[in-house]
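Novice: Attaching a single structure in structure tokens format; questions to follow.
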Amino acid sequence: MAWRGCVLRWARADIISTATRGNRFTLNTQQRCSFRKAAKETKTKKGVIEETGPSHTEPSERLIHKRGVSPPVEPSVAYTHPRSFGRLVKPLVFTIGFTACSFGTAAIWQYESLKSRVQSYFDEERANWLEKLRPQKQGDLRKRINQWWNSLSEGQRTVTGIIAANAVVFCCWRVPSLQRSMIKYFTSNPASKTLCFPMLLSTFSHYSFFHMAANMYVLWSFSSSIVSMLGREQFMAVYVSAGVISTMFSYVCKTASGRLGPSLGASGAIMTVLAAVCTKMPEAKLAIIFLPMYAFSAGNALKAIVAMDTAGLVLGWRYFDHAAHLGGAIFGIWYIMYGHELIWKNREPLVKVWHDLRTKGPGGGGNGGSGPL
């Protein structure tokens with residue numbers, strides 16, 4: 001029985017590209033070696049041609065560009081989708097609706113928090129009294145965790161949940177069976193069929209550990225300042241809204257320039273936090289973690305960051321998603337200067353409606369309730 005030589009066939013898989021200072025690595029590339037029996041017919045099999053030809057995978061699943069890092073796209077995998085601003089109508093409606101719902105939910109959340117403070121105070125006093133009667137345990141892990149948690153500021157406790165969510169999504173990227181779902185829902189791409197939900201989910205998505213660590217460190221560093229300025233509920237509304245708004249700004253700029261491609265990361269929302277703090281406290285001193293001897297004012301830092309992202313957007317730099325950064329910074333500046341007055345301070349009608357529903361509902365205490373908090 002005659003056998004021909006070894007034939008190498010490459011099965012091309014989806015390429016997930018990540019940038020670490022210009023470097024790129026490829027995942028899931030497989031090489032198969034097999035023997036083919038001498039065919040009686042000279043006609044080339046169609047299956048071999050299809051395997052050795054270029055992959056027909058949808059471009060939105062070929063590359064992942066981080067919102068913090070957008071590596072240059074090679075010509076062979078460049079996106080060729082036509083520019084269509086009509087496709088952005090649905091994301092725009094989603095952005096407006098989601099932002100309104102976020103601030104409305106935050107207003108109700110704050111109302112419920114204020115209403116439960118008195119009850120919480122008595123519960124804490126009772127817990128402290130029981131703690132004194134209960135014999136103390138040495139080396140109790142739960143007690144140590146509680147002591148650590150209580151030592152954190154309100155802002156640090158608030159962002160701990162955000163950091164945990166980002167860590168969970170980061171681990172999901174390491175599960176091979178979830179790759180298609182992660183690319184579809186946790187990367188934002190104006191050329192994708194799924195446009196709305198990734199605008200929020202990609203804010204909690206990081207493929208590179210360094211990318212996630214850098215973003216979460218900045219968020220942790222500014223958490224105490226931003227939460228003391230806005231409060232826990234208002235901060236959460238601003239943060240999630242900033243993620244959606246910065247992605248919408250990125251959609252518009254990518255569609256206008258024709259440089260379509262997926263992005264991911266919390267950089268847009270974190271730029272809103274940074275811009276809000278720098279706008280509110282422009283004289284505060286900041287320093288780079290690796291160069292603590294060089295200090296500069298928050299106002300100058302914000303100007304430099306905005307100038308760099310503007311230059312990157314105009315000149316077409318692809319290393320970062322400068323559009324998302326710039327959109328987040330603009331939203332943060334606008335919210336501190338105008339948004340707080342226009343949105344948050346006009347929440348009273350919604351809170352009053354909620355208060356009336358709570359007091360007139362079952363077990364709400366009838367009409368004897370007090371006014372809205």
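Keep in mind that glycine also has a Cβ here, set from the backbone N, Cα and C atoms.
So TrEMBL says this about it:
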type	residues	note
TRANSMEM	92-111	transmembrane segment
TRANSMEM	158-175	transmembrane segment
TRANSMEM	195-214	transmembrane segment
DOMAIN	199-339	domain 'Peptidase S54 rhomboid'
TRANSMEM	234-253	transmembrane segment
TRANSMEM	286-307	transmembrane segment
TRANSMEM	319-338	transmembrane segment
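In terms of burial and nearby residues, how do these features look in this structure?
Specialist: Using a Cβ-Cβ cut-off under 8 Å and counting only residues 6 or more beyond its ends in the same chain, the transmembrane segment (92-111) has close neighbours at 195-196, 199-200, 231, 233-234, 236-237, 240-241, 244-245, 248, 343-344, 347, 350-351, 354-355, 372-373.
Listed by sequence, the residues of this chain that lie at least six past the ends of the transmembrane segment (158-175) yet keep a Cβ under 8 A from its Cβ atoms are 152, 182, 186, 201, 204-207, 209, 212, 215-216, 219-220, 223, 227, 232, 235-236, 239, 266.
Restricting the average to the domain 'Peptidase S54 rhomboid' (199-339) gives a pLDDT of 90.
Distant neighbours of the transmembrane segment (286-307): 217, 271, 274-275, 277-279, 325-326, 329, 333; these residues of the same chain sit at least 6 beyond its ends, with a Cβ under 8 Å from one of its Cβ atoms.
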Novice: According to DSSP, how is the domain 'Peptidase S54 rhomboid' (199-339) divided among helix, strand and coil residues?
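Specialist: Taking the domain 'Peptidase S54 rhomboid' (199-339) as a whole: 104 helix, 12 strand, 25 coil.
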